[in-house]
Amino acid sequence: MSSSSAAIPQKRWWNGLFQGLQKMGRSLQLPIAVLPAAGILNRLGQPDVFGDDGLGWTNLAKVFAAAGGALLDSGLGLPLLFCVGVAIGMAKKADGSTALAAVTGFLVYYAVLHAFPVDCDEGSTFVSGGVWFGTCVTGDAQVTAAAYQNPGVFGGIVMGLMAAWFWQRFHRVKLVDWLGFFNGRRLVPIIMAFVGLLFAALCAWLWQPIGDGLTSFSKWLVDLDWLGSGIFGVANRALLVIGMHQFLNTFVWFQFGDFTKPDGTVVHGDINRFLAGDPTAGQFTTGFFPIMMFALPAAALAIYHCAKPHRRKAVGGMMVSVGLTSFVTGITEPIEYSFLFVAPVLYAIHAVLTGVSMALSWALGVKDGFSFSAGLIDYVINWSLATKPWLIIPIGLGFAVVYYAIFRFAITRFNLQTPGREPDEVEEEIESNLTK
């Protein structure tokens, strides 16, 4: 009896943790949804679009580049977006005061971190340029931007989690009468100011070894070359099943690796590096294009062809919709969930083939990236930033043939109940529910 009673809390603890991680993954989708705007603004500001090498609208290009750069800035913009998004997503019945508390804590955290720059090189002197930035000046008056500890999106996520927790804990607290003005929601931003201060002090002390560890891990993954790309592709699709793929995506796409732009700005993450013009970026994004633009729409076509004749018209409309969604925007969940639960083995094959696409694309020297997902929109917008982007088309067509053949064979051979192949009694129940 004691052993069985002890097992129950353990199960509940695990379920609670799992549900919390899933909620965390969903909350990360809110700031990620902003990235298409950032990518488009940043792309329009490049020299070959509105700049000197394009239309020649130099000042307009600067406006767009600055606007996109503000959102993609790995030190302030991106971490702040993730901080607010996570705080709103994780707090129950969040409102504007949740976001205010998150922003308050983050700004204090960011300013305190920038009060302690990394030591300048020998022979250089640090010169403060304000609360948030400074420079290193040499004896012959050469000026370089000062470096600071930069936890990046990791710091933003942690601040967002703490803002959600403190808001949840204190947003209904009532103080003594003479402090009544600061009751409830007004109290939380004040608390978060001190939380941000303490977290910044902790990061200034501990982030160096943590950052070095993440850098070493990212270097190891990059050094695996095409194999590292393949491993990431399989893991990405596998984690999507439980809604935790955004954890992996966030750190690989926005934290791992660094690239110094011509103006001295350092950007982090595979996506940011690609958009900033890093010729070595795209290792963890390129291989998604053949799958999302070609392979999954081909799978949708196979599902349509395998539907029962009297259901084919209805299923065709749905498959055209999800196929076009995947092709144009790179949003794949609608098509993936249509076969995930009825044919998990088929989804496992899809995850492995995604890894193969990632590995093959990188091995062939194709380098491409996106601001939102690997769909036609990002493919066209980022064409001039990519290396050998035309190769994505024949690779994608090859995977389309493979997917169509595998899906059609598996559905018909094993009688998988994909959309349009459900038993008649299930169809009648669905139709009756729809008419109620």
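Sequential numbering from 1, following the chain as shown.
Even glycines carry a Cβ here, placed using N, Cα and C.
Those TrEMBL annotations? Automatic predictions, nothing curated.
Quick look at what TrEMBL annotates:
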DOMAIN    15-423  domain 'PTS EIIC type-1'
TRANSMEM  63-87  transmembrane segment
TRANSMEM  99-116  transmembrane segment
TRANSMEM  148-167  transmembrane segment
TRANSMEM  187-207  transmembrane segment
TRANSMEM  287-307  transmembrane segment
TRANSMEM  337-362  transmembrane segment
TRANSMEM  391-411  transmembrane segment
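In this chain, the transmembrane segment (287-307) does not touch the transmembrane segment (187-207); fewer than three CB pairs sit within less than 8 A of each other, excluding pairs fewer than 6 residues apart.
For the transmembrane segment (148-167), the list of distant contacts is 24, 27-28, 74-75, 78-91, 94, 97-98, 101-102, 105-106, 109, 113-114, 116-118, 185, 188, 191-192, 195-196, 199, 203-204, 207-208, 210-211, 250-251, 254-255, 266, 268-269: same-chain residues at least six beyond its ends, Cβ to Cβ under 8 Å. Of the ranges 63-87, 99-116, 287-307, 337-362, the one with the most Cβ pairs under 8 Å to the transmembrane segment (391-411) is 287-307.
Averaged across the domain 'PTS EIIC type-1' (15-423), pLDDT in this predicted model comes to 85.
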